[in-house]
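Peer 1: Please find one structure pasted underneath; my questions will follow.
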Amino acid sequence: MSAHNLEGNLYHRDYIIGIVLLLIVVVLWTSSNFLTQDLFEDGYEKPFLVTYLNTSAFAFYLIPYAIKKSITGGSTSADDSNELLPLTTKETAQLAASFCFLWFIANWTVNASLDYTSVASATILSSMSGFFTLAIGRVFRVETLTLVKIGAVATSFIGVVLVSASDSSQTNPGPPAPSSSLNPDRINSMTMFAYVHILGDALALLSALFYALYVTLLKVRIRSESRIDMQLFFGFVGLFNILTCWPIGILLHITGVERFEMPYTSKAVLALLINMGITLSSDYIYVIAMLKTTPLVVTIGLSLTMPLAVLGDFVLGKPAKIQVIVGAAVVLCSFILVGLEDAHNAEEPDLLTGRIIEEGQDEGGVRLEEEVAAEP
């Protein structure tokens, strides 16, 4: 067998492994959403605390790093053939400090949205991150703007409109009976319910925006995933979240927005621990899946959380309305459309400049201070 064929077989094997890992992430993330919503429905409505515990769990990744460093004496091996040198521990910590708050906001808003809307709706709307990524990526010149991609973005917004319209009128009981037509409490209750679901949709979209900012800017900063130890990076993200985000919790407690309370049932404690475990494992598996495939593949693959969430709501006795189902299908199709465009038209010129935007070109690069200083 030639070296070329052997390399091709290894690539395909890794690709299949990456797809399998991605499917595991899809199941884990959707399960985490249902666990979080079930926790809220049981009365423990603490989206900030849930997010704080989940993201803080990343700090456990520093334990194997500390053990490895104590055994090896901190020595690391670098591949001199790489054009881009791996980030040092200090540079990785600086990068984590820069991005931990974006990561926290992205997770906090999606958890908060589950307190106001369904898992299916929150999942569909938060999956808009792929399209925010396209827009932000174009600003930083790491994505090519094409007619097909613009059409896919427009299509996705149709899905968003369907989901949002369904949520805002989900429990509209129709015209009130004459005896209650002048009841202000009933009218206020109906209005508040509509506003609550709109708020949930807005939080899910905000999560999509912050996640897109996080992923795109991280890619621009490191330029190649091989340069960074993602386990170490997540460990520092968890550590910085522990050290910097607790004042937000105190502020929420003082203002009464979210009172700090220990979980009062064993079921709530178990749900919190399982959620922490899911977050700790799934985010790392997600990175491995991305390294074995491509960021585009995992972005498209994660859209599978949408039909899975709709199915989960149906199994739990909360079947989605036809608008939500159609919205899921529309958003899923738009993701696939973007994927096919990138797969078959990688060399298509950008609409605005008429030139091909290549990954890693200097126009879109944002470098670490140490790199800028080191370059001639």
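Glycine is no exception: its Cβ is also placed from the backbone N, Cα and C atoms.
Got these off TrEMBL a minute ago, pasting:
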TRANSMEM  12-29  transmembrane segment
DOMAIN    17-164  domain 'EamA'
TRANSMEM  49-67  transmembrane segment
TRANSMEM  116-140  transmembrane segment
TRANSMEM  147-166  transmembrane segment
TRANSMEM  192-220  transmembrane segment
TRANSMEM  232-256  transmembrane segment
TRANSMEM  268-289  transmembrane segment
TRANSMEM  296-316  transmembrane segment
TRANSMEM  322-340  transmembrane segment
Peer 1: What residues in the same chain, six or more past the boundaries of the transmembrane segment (12-29), come closer than 8 Å to it by Cβ-Cβ distance?
Peer 2: 278, 281-282, 285-286, 288-293, 297-298, 301-302, 304-305, 308
Peer 1: Using DSSP, how many residues of the domain 'EamA' (17-164) fall into helix, strand and coil, respectively?
Peer 2: 113 helix, 0 strand, 35 coil
Peer 1: For the transmembrane segment (268-289), could you work out the same-chain residues 6 or more beyond its ends whose Cβ comes under 8 Å from its Cβ atoms?
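Peer 2: Residues 18-19, 21-22, 24-25, 28-29, 31-32, 35-36, 38-39, 42, 44, 50, 53-55, 57-58, 60-61, 225, 230-231, 234, 298, 301 contact the transmembrane segment (268-289) from elsewhere in the chain.
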